[in-house]
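For reference, the structure discussed in these notes is given below.
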Amino acid sequence: MSNLCRNIKVFFKVFLYRFKQNKLNQAAGYLTYSTTLALVPLIMVFFSVFAAFPVFNEITGELKQFIFTNFAPSTGDAVGEYIDQFVNNSKQMSAVGIISLIVVALMLIHSIDRTLNSIWLDTSVRPAIFSFAIYWLILTLGPIVIATSIGISTYVTKFATYTFEQDFGLSVGIKLLSLMPFFLTWFIFTVLYMVVPNKKVSIIHSAAGALIAAVFFTLGKQAFTWYITTFPSYQLIYGAMATLPIMLLWIQLSWTAVLLGAQLSAVLADIRSLDCGNIQIEKIKEEK
């Protein structure tokens, strides 16, 4: 029991130190700014990739619903209309303009890469060509992986709903439907924490950090939606511009949840090093 209390104390001690050291609040604000600039270019690239694969036509609407519901709660319809309009306008752009949008989207991926690697205290730098190749793969294959995951989750949910309602007359399928976005979010965060850092990250540590991030993300979404629907005073202040600050605030909260999960994964590796005697807590504090 004493060892458990000691381990918990050491964990929170290291976690709080790393939180301050990595300045996660500032990092979340930086990523919020980068995301705001790259939101339209990123979505334009995503749906352009979908358009190149007719097999994804049936789930494009479901993908939009997933994005707007999870990343713009309570304002999804308004944000969706704006983004659809921006994407349609981008189709009329010249080649130079399209390349500029792609560059902005790649810069966001670079910002995420650099921020997550700083959490793992990895200062190594990849060759520029290698980094560009990875970012380009993420930008092009990422939409396919996400669309496939959403398509599979939708199929499993529909199958479970039909099976349980036919065999048992229960609403278990509906409950599964409500849980699928959470498990999909957990899966995406786990892959993010495993793939992005230059260091090798244990799948257990990645899944643990991703679980906490998914829980905070889901609970934060529900709490945020409840607040802005229960206390709509912001609409009186901002009027027609209310959607913008709401979206910015939610992006900030979302990145905070993602970075907290990443920090947890990194700290678990630190704790393991402490347990194995490979590193001392004084050495952790000396790292910059």
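Using N, Cα and C of the backbone, Cβ positions are placed for all residues, glycine too.
Per Swiss-Prot, the features are:
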- 36-56: transmembrane segment (TRANSMEM)
- 92-112: transmembrane segment (TRANSMEM)
- 127-147: transmembrane segment (TRANSMEM)
- 176-196: transmembrane segment (TRANSMEM)
- 200-220: transmembrane segment (TRANSMEM)
- 240-260: transmembrane segment (TRANSMEM)
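Where the transmembrane segment (92-112) meets the stretches 127-147, 176-196, 200-220, the count of C-beta pairs under 8 angstroms peaks at 127-147. In terms of C-beta pairs under 8 Å, the stretch of 127-147, 176-196, 200-220 lying closest in packing to the transmembrane segment (240-260) is 200-220.
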